[in-house]
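Quick look at what Swiss-Prot lists:
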type: DOMAIN; residues: 1-59; note: domain 'TGS'
type: REGION; residues: 240-531; note: region 'Catalytic'
type: BINDING; residues: 332, 383, 508; note: Zn(2+) binding site
């Protein structure tokens, strides 16, 4: 039987059904091919073609290539572990690719796998790569698969859940794995890899299941790219907020009594307050009204909103007598109650309610991660109630506010617009009008954006912002979401010029997103060296010796009265030690005082980078810092 195949150049050829992409690549003279894309599905070179299709080929230079070679590297890792620890002692979990790498989960019986073992595992992987074992894909019956994996309980569990009568397996040498692919043609294609770490991971992410050993790794087509990535990881580890947070006395975590619920220490609270004050100032200027809504509300509210039916597994509940309450996972129902507390005319719109609202959402312990993934967090949530004709201008206002806030921290960002999914509520004409309003607002703001067709929420289109930090990593933070569902569920209306009730449009919007997460991003973005305006301590006053302490106290008091956050370090430690401690604490400025300074009334100032400025007039120092703080400058003025 013949099938028609459209080639990369657009030409069409006929081949026998079962022809492999490798054979077509060889025939048309395309070299250095490692895989294929068949009708937008990643496809092994040795996997037969069964239908009419369009094909293009993947080389190591193509963006699809990492999915092939990192997936294969995960299998090479598993094969190496089984060789070293014994096939009978290793129970295999799963081994997928992830962003910039891969991992494999193992249940090691009669032994233990730690980070000290990674070098010898790497050596065994290099042997497997050198062996250049052919990788073969097979489709077999479930019964055959159960026989092959009869000693692999986790694989048997997966086989039971696969729909249909057949499954796919991959073989390389003595190693066989249950897998959908895709993979390289052999183990010797990519040689540049590194095993990175070992951690615990519950099977399938559930605390009810056994804890497995997860080994993380990365791989690249070029040695240079691997080396650059390892340097990037080294820098990222230095900036890790989980390390810097406690070191800088910003926050702490207690997994025994409050997993996923950060404790903010005095210095961390200063940063949070500065972030909130900055945001409040901008919101007041733009006509937002700040409100506070209850943390706990009756279950009936959450039944109306739909959270009870669709989000209950992520919520916390409280029962008291006959009543049942929920700890709020979102702020929107509370804001709707505020809106509905009085009659609203079209003349009152738009109404912009804003809240730093604490919410709680259950997350599995295995996915909790410092401040980035938590169970308790604060959202800078706002809800705008407006008429359909006001959507475009309101979105434009939010875009301007987002840009103002992100620019203040030196962030650039990327924008995505997600449109109507197949499963949606509301009239398609309303969706089209709303989506066009979002597009027009983005165009008027001059923002380039990518459209994600069909990726909107079922209750409305949305705009997402991905900020880029100093290491080039992207973080999804701000969201603008149009909602057609909540206003209908809660009968959110206004009296129009025709004296009739009309359903209001509701715009959800957050900019920091989670205040805690944004704080964590800032720690890593600035490596803990915050701009002076948000630095927990702005000036460290350091007397050279005990006899200079009284003079140092007077200087510290004077600076404090001028509104600066000052730390007087008059401990009986060496001067060098105290200066180093101030630098470790990332304090922007150090004022060092000895005989010369106290007699002249002029300051010796050091910046945290080590720059020294002598004979600084007190008034000049105060005026310079005040302007730096008032203008919320990113750089230290005295370093310029």
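Quick reminder: no glycine exception, Cβ is built from N, Cα and C everywhere.
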* Work out, from DSSP, the number of helix, strand and coil residues along the domain 'TGS' (1-59). => 8 helix, 26 strand, 25 coil
* Structure fact -> For Zn(2+), residues beyond 332, 383, 508 with C-beta within 8 angstroms of the site's Cβ centre include exactly 330, 331, 335, 336, 381, 382, 481, 483, 486, 506, 507, 509
* Structure fact -> Note: in the chain of residue 332 (Zn(2+) binding site), residues six or more apart in sequence with C-beta under 8 angstroms of its C-beta are 305, 381, 383, 483, 486, 506, 508
* Fewest other Cβ within 10 angstroms of its own Cβ, chosen from the binding-site residues 383, 508 -> 508
* To do: Translate the DSSP assignment of residue 332 (Zn(2+) binding site) into the three-state scheme.
  => helix
* To do: Mind looking up the mean pLDDT for the region 'Catalytic' (240-531) in the predicted model?
  => 92
